[in-house]
Amino acid sequence: MSRPSSVSPRPPAPSGGGTGGGGGGSGGGGGGGGGGPASCGPGGGGRAKGLKDIRIDEEVKIAVNIALERFRYGDQREMEFPSSLTSTERAFIHRLSQSLGLVSKSKGKGANRYLTVKKKDGSETAHAMMTCNLTHNTKHAVRSLIQRFPVTNKERTELLPKTERGNVFAVEAENREMSKTSGRLNNGIPQVPVKRGESEFDSFRQSLPVFEKQEEIVKIIKENKVVLIVGETGSGKTTQIPQFLLDDCFKNGIPCRIFCTQPRRLAAIAVAERVAAERRERIGQTIGYQIRLESRVSPKTLLTFCTNGVLLRTLMAGDSTLSTVTHVIVDEVHERDRFSDFLLTKLRDLLQKHPTLKLILSSAALDVNLFIRYFGSCPVIYIQGRPFEVKEMFLEDILRTTGYTNKEMLKYKKEKQREEKQQTTLTEWYSAQENTFKPESQRQRAVASVSEEYDLLDDGGDAVFSQLTEKDVNCLEPWLIKEMDACLSDIWLHKDVDAFAQVFHLILTENVSVDYRHSETSATALMVAAGRGFTSQVEQLISMGANVHSKASNGWMALDWAKHFGQTEIVDLLESYSASLEFGNLDESSLVQTNGNDLSAEDRELLKAYHHSFDDEKVDLDLIMHLLYNICHSCDAGAILIFLPGYDEIVGLRDRILFDDKRFADNTHRYQVFMLHSNMQTSDQKKVLKNPPAGVRKIILSTNIAETSITVNDVVFVIDSGKVKEKSFDALNFVTMLKMVWISKASAIQRKGRAGRCRPGICFRLFSRLRFQNMLEFQTPELLRMPLQELCLHTKLLAPVNCTIADFLMKAPEPPPALIVRNAVQMLKTIDAMDAWEDLTELGYHLADLPVEPHLGKMVLCAVVLKCLDPILTIACTLAYRDPFVLPTQASQKRAAMLCRKRFTAGTFSDHMALLRAFQAWQKARSDGWERAFCEKNFLSQATMEIIIGMRTQLLGQLRASGFVRARGGGDIRDVNTNSENWAVVKAALVAGMYPNLVHVDRENVILTGPKEKKVRFHPTSVLSQPQYKKIPPANGQAAAIQALPTDWLIYDEMTRAHRIANIRCCSAVTPVTVLVFCGPARLASNALQEPSSFRADGIPNDSSDSEMEDRTTANLAALKLDEWLNFKLEPEAASLLLQLRQKWHSLFLRRMRAPSKPWSQVDEATIRAIIAVLSTEEQSAGLQQPSGIGQRPRPMSSEELPLASSWRSNNSRKSTADTEFADGSTTGERVLMKSPSPALHPPQKYKDRGILHPKRSTDDRSDQSSVKSTDSSSYPSPCASPSPPSSGKGSKSPSPRPNMPIRYFIMKSSNLRNLEISQQKGIWSTTPSNERKLNRAFWESSMVYLVFSVQGSGHFQGFSRMSSEIGREKSQDWGSAGLGGVFKVEWIRKESLPFQFAHHLLNPWNDNKKVQISRDGQELEPQVGEQLLQLWERLPLGEKTTSD
């Protein structure tokens, strides 16, 4: 692309924004695109010399942006720009197209030169040949299956693509019938309500602002079909409006039936209980609630509170479900969650069908005009609140009045003078660099303009911002500083690449920070490497944890250095890495610099110093603690409500208050700390509403749930972090992220309104006035920022039969873009949830029932059929929620965190394994009471783990409700976990769920390729990015990582794209056979398999190579085409066998989907056995590891322990007093007072195991335990160093058996059979003194100790017993052998002999994976193996003794 001389060079703006009015950076069509990398033009293959800024008129920039955005989301494949454009304007379009992932080309000459932009076509990517070589054993396993059970004609035809649409009505009726029991509201008839009872709340009700408008509200609802009610939070609208309707119907003798929806489960239960109490009724009579998997309703219930999701599921059973309903109230409409918008779309349609139905929308901060337009001029009732005055304090006021400062703010003030000097030196560096590096461009560029431009930024952006976490500069010895400075200067000024070796050496051996700054210029090694174009060193630095957001004294980040000096490859690399970091756009310092004119000089300086000291992306817990202390010591009594974005921050702040901050921890009797989160149990929430005892202050840590759903009347002080966690989704890249973003103005006003309910209050806002002015008016509707696959499934169940999904969603209050809907529908077709006519398949109906995204739902259902459910439940819930590994800020810790993640993978080339084993090790640490220390040590989030447990419980509950997991017999929890220990099988379920997220290894070019990507890289957080973890990562890290892969296929959870580079994270290496059997559609075209001869005759070109040599070798290979991209070349016999195995699997899967509860047939069992044999054999032949212990059942949590289904519970010794829900119902405040939990309040685990406590819990994992089996046997190996809990240092006597410890299993060897007979008669045993201490300790530390007996040389186990006393000093004369120690009591459970061959398959990881029978006396068994060994006795016919050999 020839660049005309009129394009004047100018460095990019430091934040990556474009120059001129366009702005907007290099990315997704903001208002410009000035900063993107220039393409090298269609002709030139070389790198662009420099990324010069392209200056064109702002109108052209904006017009081009709009045109390209429309094109991106539209149907056209190609778009042409007029030939009247100048070459500069064309250059701008080329660059912007490239940054948007489009292909642009210019054709023609002179005045006829025009430019076309095309969308990338998947087929464009040439890829390496996809092959699959089967081992002899694999072929044998498939042959045996096919000989015994050939693929039947019925199976074959069922798996052919449909040619015509089936009878939709019949299928739909059958499937709706099948799934209607789950999570629906029951069908009652309207009745006249009973008279309300008088209660203690009557006077309070009458004082509510809404009470005055009772008659007006009832009258307007009677006269209109739709009514909007806007009332300030706490005005009483949620609890009173449904009661006004009940009372009116009672008075006039009119039957009614009312549904009232809430956005959250917690609110639905809380409001229902409150309303029942106000009417002096028990919950479940007139007033009830229903949430997913839990309900309290009866035939008398006339007012049901439910979640939006439950009402939607009810409507999915058909429109007639509302025929007996008189009123539907949709509360908190302003939250605009996807279900409420979706519900309104459906309800608007239903209002025409049900003339008597009334719809009431209630909200605190409604975008009223939108809804008036949507429902066609309906009346609006406004209810004023009666709050007292609330004073506002913004960030600058807080800093000024409280005098808050921190080390970094002080340091910043000192650094300012130094910084000016650094800028001057930096400018000299640039000019020196340009003298040596770019003589030809030197004539055009005046160096002065560089410094002038950056002087405009006052004192140069976030210069000292990232030195803050580094103690290094002040602690380093002078020779180190001198040495580092010299190295960085040499690299920059003399292109001395060898100096990097010394830099890496100093970072690792002398503890110099990887973000060390050159003392005279403030440049880091990453900036210097980026500006100089040293790509592999940039990669190395990033993998060592270098901060890509660090800024030099002129405000430039490494990315700006790379752009300015024309290093396009590094620009791509840094942008792709930055794009994949989970941050919203929160930087406030730039705002202060640009718009801070109305700030006083003092406030401006304060804010600038603060923003230099703290990263806006996070929540400043230090500042919150400072404020808390100030409030508690200088303000009157009154509850404090603190709004935080998520559970992580809530737990972090709670721990500071209760344990870490001495000012509070030493005075816990003065505070009650409560936590509110939507996934939390209601018991804590009920206590929040009660007034605390005198002299005790209530501190409530909450997410945005306390904005509207829950009103706490005694709140006087609100601390608002200004943040919320929001899921956002890029529909074009299919990437979902949980981002922390700024709240909307409407939310900020709501939060302020929570103070001053009982007297004047204060709202402390941890953001500036300027930030507040720049906030969005209302939150973006979830419908516009969420992945729509789940919603499209629900649409099919709600929309009329012949209405397309897109047509139905276009009726929403703010419809999502058509392209996003189309992409979602296409994805559902790809994963077999829908057919070509957009009708749901059998799989689709089940996926609509599961509370996770469809691809994860498919993964879980495949795991049920493959019988490896537990590991997949854990992995699926983790992927659905978030990565439990936290990213530390310091570079040295980043490396340690990476190493920890790597240890959890156990050499399996799988990030998914790291997630699974981290969860298992955390559960083990939790049962041993040291999970907090464990999480800190392994860089894990305690909060995330607790949420994952609750999600598992909910998902398992849904599988039970749908009939996939039975209570007992075939299909019970044990049966669906038969293969959980086999990692190859677990990965098959992962592959089935992850498809089409696959990449292929091109060994020849050492790159990864995808269906639409020519080049894919591992994200630095993936363990696969650093195969052999070395202290210094290899220079060509990605290539080394690719070469180390044992197979040619990878699955990934998420791909982030930026420019020409795609990053994949959460990957696992899988075998080609897994891809061939589990990927692609279930229904393959009849010509999917092309035999070699026909392959030649058809003349289909071989796209893998042009060389004749290769043509000859592929000529005798068959082709098996699974989809447009997956096209395998393999031996004809292998192709035919694999196609048949695929057909057997898919027909089995289809049968299970049609009848989940039906018993398995012989064919089904044989198919699964063959698949497992094939997967295991191929996994072994690829040299992939099979770690032990992955199938361990998680520890069941008793009902008080489930964090989501119940109150939060932690066995951590430091925390348990703060957040254990004690059996005596004491409040949190009282709990805080107790320094240690009383043992009496924890019933011993033994009784729990016997089912005496909580005998029935349908959602719990434990309803399937036999007397022997105990799922408490989890004792997980912790892969990170020192798995044992930190010891107290002093030997302590154990007071009583610890309740929450795992069960232990030991082998007892006897020299003769007579001793065993004595033991069985008298119930006693003795062992050698060397075993005594071990057994005694196990007896005291665990809930149960099982002893498995074997007489040496007998070839049998002779039974097992339970140890029922500790070992005493008294010895027995009965034993014939000398050298035995004291006697202890045992309780024999099974006395039958079990031949060793029954246990051949059991290997003990705690004895070098030897078979269990090869054990010495006193050998401990790994708990899961012990449990499996005991279960073998269940298979022996009862009472029938096997004789010993």
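Any Cβ shown, glycine's included, is placed from N, Cα and C.
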From 183-186, 331-334, 659-662, 811-814, the residue range that Swiss-Prot assigns the feature motif 'DEAH box': 331-334
Co-listed RNA-binding residue [Swiss-Prot; alongside K1309, S1310, S1311, W1375] among W1325, W1388: W1325
Listed as phosphoserine by Swiss-Prot, one of S1025, S1104, S1198, S1275: S1104
From S1105, S1273, S1415, the one Swiss-Prot labels phosphoserine: S1105
Selected residue, Swiss-Prot feature phosphoserine, from candidates S1107, S1270, S1274: S1107
Selection from 218-384, 627-799, 1303-1433, the stretch that has most Cβ pairs under 8 A to the domain 'R3H' (53-121): 627-799
Counts of helix, strand and coil residues, the repeat 'ANK 1' (521-553), according to DSSP: 17 helix, 1 strand, 15 coil
Beyond the site residues G231, E232, T233, G234, S235, G236, K237, T238: chain residues whose C-beta lies within 8 Å of the centroid, for ATP: L208, P209, V210, A364, I383, G385, T711
Set of same-chain residues at least 6 away whose C-beta sits under 8 angstroms from G236 (ATP binding site): R205, L208, P209, V210, F211, I383
Neighbour count (Cβ, 10 Å) for G231 (ATP binding site): 24
For the repeat 'ANK 1' (521-553), mean pLDDT (0 to 100): 86
All-chain count of other Cβ atoms within 10 Å of K237 (ATP binding site): 28
Same-chain residues at least 6 apart in sequence whose Cβ lies under 8 Å from T238 (ATP binding site): Q262, V271, D331, E332, S362
Surrounding CB atoms that lie within 10 Å of the CB of G234 (ATP binding site), all protein chains: 23
Neighbour tally for E232 (ATP binding site), based on other Cβ positions within 10 Å of its Cβ: 20
DSSP helix/strand/coil residue counts for the domain 'R3H' (53-121): 32 helix, 16 strand, 21 coil
Protein Cβ atoms within 10 Å of S235 (ATP binding site), excluding its own: 23
